[in-house]
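J.: Here it is: the structure, laid out below.
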Amino acid sequence: MAYKFQKCFDVAVKLVEEGGQLIKTRLWAPKTINTKTSARDFVTETDQEIEDLIIKGISCSLLDEYNFQFIGEETASKEQKPLALTDEPTWIIDPVDGTLNFVHGNPHVAVSVGFYNNKEPEFGIVYMPMFDMMITGIKGHGAKVNDREIKVSSAKELKEALVCSECSHESFVKYEEYAVKNYRTIHPLAHGIRTYGTAAFGMATVGMGANDAYFEFGPHIWDIAAASVIVTEAGGVFMDTAGGPADIMSRRTRNMVQSNQECFDVVMKLVDKACELVKNRIWASKTVTTKASAIDFVTETDKEVEDLLINGLKSAFPDHKFIGEETSSETNSALTLTDDPTWIIDPVDGTLNFVHGNPHVCISIGFYVGKEGQIGIIDVPVIGFRFTAIKGEGAKLNGKPIKVSGEKELSNALICLEGGTNTTPEKRENVVENYKTFYPIVHGVRTYGSAAYNLACVALGALDAYCEYGPHIWDMAAGYVIIQEAGGVFIDPSGGPIDLMSSRMLAASSAELGAEIAKKLKQFYPKRDDV
């Protein structure tokens, strides 16, 4: 079937090639350089000349057939007016994508032209003149490099992925902060990270299968208009960095990955809704059933909160995985924590408290990537405490930084020991023996009935240590991140490294206190979560 905009495409390819010839002749020649929005946001006489060449060429060849609109980087930068993408056929032009590279004689420079009609992409052209690479995508007709068909890679896991990312040159400190945070998060988990200095080429490499993902905060419409067509026509996904539909005007683009801050912002909106459910139900009548024992309860609120959180997160992050207490309890199968981005959720931690109207009830959410904790949230809705932590950014209570007490002496410590919901004689005997050991030699022993709340109190410095045999991964996942960020230690009760699948944990305000408690504990080994 003939493509209705074939003539437009053919004219654009010729004009892009002409613009590329100008780049070839001037890349290593002296240039007149000016700055725009920042000291790193350059423009040269070549940028304007290529933009003029393309717009004039289109106008002369095609204007009698269409009522075209133009969005060109250099014209828009000069006019400093809000941009509008209308239903009219519109050319979106970046004459020299990678001007900083061009100024330095770096060959990673592209001419990028996208064509939109009724606000929908029709075709995109990204030309790399120094490499003689003409990368194109036409709606419904696939993507090509120099007439060779291209497809995205088959990578589905971050650990297999080569990720490309850029940092906008505008408001540089703001974007640099996000770039550093994302680099810190993604670099240890991916095969590698690439940065080319040109958004159009970086995105186009995803369409070529040369990179598996691309993300950036700050690209303009002219940076991504062409390459977005190439990516989608090559079988890839083009979306907002938060995981929703792409808005080409939003200055946010993503193919695969999210930042911790984005994930945090999304989940906190859901937590707000979940908190209202818990607060409204705690003193209301409840439908209560039991699970593993006569004191292991579940209510309709547990399920409703978990569904609210998981459904909301799936909508924002469809490629993420989930481990939820109620879902896992229903299937009763062994749990697996993979390298994939995974949300670990206890919708109502302290359900026995909840059933009795006791306010020590938490919503506990941990976010893990590559089996490493990235985000921890423990919200105590009835009390009004919200404990949060993002990896590398410290722990907070209601937005204010918190730290563990740092206590090292057992004789000065206020500790927590929990019995849990395991009512077997062996487990109860273990709890009694440990209570008898520690009660005479510490300041005091507390039992609040919520693993998440206990862990949060250690992070706050309100408790100096907490030990329990029998907690599940959803009881520990959030608290693990929060305690680490608050400066505490989170170990196995034997004194060794923590294993979140082991159903055993010891959190302490210092390594010294943790080691002293581990020496005195009577050990107990519950069934693991992964068996």
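Yeah, the Cβs are placed from backbone N, Cα and C, and that goes for glycine too.
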J.: Among GLU325, GLU372, GLU512, which residue does TrEMBL annotate as binding Mg(2+) at the site that also has ASP346, ASP349, ASP475?
T.: GLU325
J.: Which chain neighbours of the Mg(2+) site, leaving out GLU325, ASP346, ASP349, ASP475, have a Cβ atom within 8 Å of the mean position of the site's Cβ atoms?
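T.: Result: ILE345, PRO347, VAL348, CYS362, SER364, ALA451, ALA452, PRO471, HIS472, TRP474.
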J.: Please give me the CB contact count at 10 A for ASP349 (Mg(2+) binding site), counting all chains in the structure.
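T.: Around the Cβ of ASP349 (Mg(2+) binding site), 31 other Cβ atoms lie within 10 Å.
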J.: As a test of the contact definition, list every same-chain residue at least 6 positions from ASP475 (Mg(2+) binding site) whose Cβ is closer than 8 Å to its Cβ.
T.: ASP346, ASP349, SER364, ALA451, ALA452
